[in-house]
Amino acid sequence: MAAGVATWLPFARAAAVGWLPLAQQPLPPAPGVKASRGDEVLVVNVSGRRFETWKNTLDRYPDTLLGSSEKEFFYDADSGEYFFDRDPDMFRHVLNFYRTGRLHCPRQECIQAFDEELAFYGLVPELVGDCCLEEYRDRKKENAQRLAEDEEAEQTGDGPALPAGSSIRQRLWRAFENPHTSTAALVFYYVTGFFIAVSVIANVVETIPCRGPARRPPREQPCGDRFPLAFFCMDTACVLIFTGEYLLRLFAAPSRCRFLRSVMSLIDVVAILPYYIGLLVPKNEDVSGAFVTLRVFRVFRIFKFSRHSQGLRILGYTLKSCASELGFLLFSLTMAIIIFATVMFYAEKGTSKTNFTSIPAAFWYTIVTMTTLGYGDMVPSTIAGKIFGSICSLSGVLVIALPVPVIVSNFSRIYHQNQRADKRRAQQKVRLARIRLAKSGTTNAFLQYKQNGGLEDNGSGEEQALCVRNRSAFEQQHHHLLHCLEKTTCHEFTDELTFSEALGAVSLGGRTSRSTSVSSQPVGPSSLLSSCCPRRAKRRAIRLANSTASVSRGSMQELDTLAGLRRSPGPQSRSSLNAKPHDSLDLNCDSRDFVAAIISIPTPPANTPDESQPSSPGGGGRASSTLRNSRLGTPCLLPETVKISSL
C-alpha cells in the first residue's frame, strides 16, 4: 500500500504545483441554463402546407435528407422555412416516420409516387412497417407487372399509334401483333385462323376409315390413303400459308434472336417442319416409321390458336407463373407413387395370378388411384393391399388439392390484369377520339368565328394577318340575341346598317310616342316606322346614370316588336351570326358590309309621368310592324314579314 502511495504521490504534487497559479485567480461564473439549438422548432413548407417539428426529431436519422445538413439547400431566409415543392399528403407519412420510427404506406396513394417520395427524402423501402410491408410488396409487384405489360404492348404494337415516319418492319409487326389496326391486318388474321382450323381438321379426318370400290368383302382404309392427292394439296396450301407467315414475322420482328427463342416460334417450326422433311425423305420401308413419327408433330399446329385466343394465352401465363407450385406437385406425386407402389407390390406378392408383378408394374395402379380415376384393371385382393390402396387414394386427393388454390388465384390475377389492360386500351382509344373531336370542334369554332366576322384583316403587320375584332359587351349581346331568336323562331334576320351606325342613327331625344321601341322613332325621311301597343297606364320614371333621359321601370328590359324576313325554302341554318353579305363578297370582309338587324332596344321615354299618353305615329291602338330595308325604294309591308310582339 505504501509503495502504491509513493508511486502516485509525486504526480499529485506536481499537478498541485501546476494548478497553483490558476487557483489564485477568480473562477469564471458558472454557465447558466441556456436552450440548446437542437431543441428549436423547424418549419417545413411543403407546397404551401406548413409542418412544424423539433429539430431533434429530424436529427434521429442523419442519413436522410431532413436529418442531414443537405436540407439547408432548401432553406428560405426570407420566410425562415424549409420549402419543398413536393406532395404534402405524402410528406405527412414521412414526418410520422421521424416521430414514431415506423413508416406506413398509404393505401389511397399511387405506389410509384410513394417510392419517388421515399427516394427524394432518402428513405429506403425496407423501413416500411410490418403492418404495411406485405401490401406494399404486392402493390409494387403488381405495378411492376403492369409496367412490363405496357412495355411489351408497346413493343408488340398494342400501344399508341406509330409515328408517320415508321418503317415497313414496324408497321408489319404492329399488323401481326395487333390485327385491329387495319383492314388488311384483320383479313390476314382471319385467313390464318381459317387455315389453322382446316389443317387440324384435315389431320383428324384423314385417319377416318373410308370404303373403297364395291368389292366382296368391302375393304376399308383411312381417308388419307383413299384420297392422298386431296389431302396432300390441302396440307401443301396450309404449310405455304404458315411458312409465309413465319418468314414475314421473322422479317418484321424487332429482335430476331428473341423471336427465334420464343415459344410461339418453336411451335411454328414444329408445325411446318414435318412437311418439308417428308418431301426430302424417300418413301421406303426403312424410314416409314420415322416419317410417321414426324407426322405426329402436325398436331402442334393447334397451339397456333393461342395467337387468336386470349383465354389460351392467359392459361399459358398462369402455368408459367405457377411453375414452382407445379414442380412441387410433381415432386410430391413422384414420391407418393414410388412409396405406395413398393408397398402394394409386397402386399400382393404372395397371391396367385396377381397383376402386381413388379414395382414399376404397380406404378400404373398407384397413379390411377392417386388421381382418383380408378380404371379397375388392377385391383388388390389382400386385406393389406386394400388398406394401403385406400390410404393411397386419400393421399392423392390431399396432394393434388394443395396447389389448386394457388393456381386458381394466379389465374384470377392474370385474368383481371388482362381485363384492366383491355380497359386501359379502350379508355385510351376513347381519349384519343375525344382529343380528335375536340381538335375538330376547335377548328370548326375558329372557322365559324372567322366566318361570323369575329376576325378582321390586319394588313399592317406581317406576322399576324388576322386579329380579333374589338366588340363591346352590348354588341356581343346584340349578336347573341339574334342567334337565339333565329334558333327559336326558325327565321333569318338581315341587317341594313352596321351596329355602330344603327346606334348612331337612333336618337334618344324628341320622342313623340310612349313606345319603348327604337324603330318607332323618326330617323329619316325615308325610314319606316314601327311601333307597339301604346302604354296608357302611368308609370314612375327613373333616371339612368350618366343620362339626361328618364326611363320607365317596366320598359327596362322589354323587347316589344321584331320584324324579320322569312327564310327561303331550304336548310334552316344561318351562315353568319351578324350578317347576310352580298353574294360577291367573302364572309370575312370589311365592317361596312355588315349591318345591324332591326331589334327593339329598350330606350328611355322622353315624357314625364304626368303627361298624357299620345298614340304612336303608326296610328291606332296597334301599329303594324314592318322591316326597314335600305334597298326598298318606298316604305312597304312585305308579304312574308313575320311579327313577334311583346316577347
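Residue numbers in this text run from 1 along the chain shown.
Placement of Cβ uses the backbone N, Cα and C atoms for every residue, glycine included.
Not measured: the values here are computed from a predicted model.
Relative to the membrane, Glu109 and Val263 are annotated in Swiss-Prot as lying on a common side. Listed ranges 15-35, 288-308; the one Swiss-Prot annotates as transmembrane segment is 288-308.
With helix defined as DSSP H, G or I and strand as E or B, the topological domain 'Cytoplasmic' (253-263) counts 7 helix, 0 strand, 4 coil. Through the fold, the topological domain 'Extracellular' (346-359) approaches residues 338, 365, 377-378, 380-382, 384-385, 388 of its own chain, all at least 6 residues removed from its boundaries and within a Cβ separation under 8 Å. Only residues 6 or more beyond the boundaries of the transmembrane segment (264-284), in the same chain, are considered here, and those with a CB under 8 A from a CB of the stretch are 235-236, 239, 242-243, 245-246, 249-250, 290-291, 294-295, 297-298, 300-301, 303-304, 306-307.
In terms of DSSP secondary structure, the topological domain 'Extracellular' (380-386) contains 4 helix, 0 strand, 3 coil.
Residues 344, 347-348, 350-351, 354, 356 of the same chain, all 6+ positions outside the topological domain 'Extracellular' (380-386), place their C-beta atoms under 8 angstroms from a C-beta of that stretch. Confidence across the topological domain 'Cytoplasmic' (1-183), taken as the mean pLDDT and rounded to a whole number, stands at 78.
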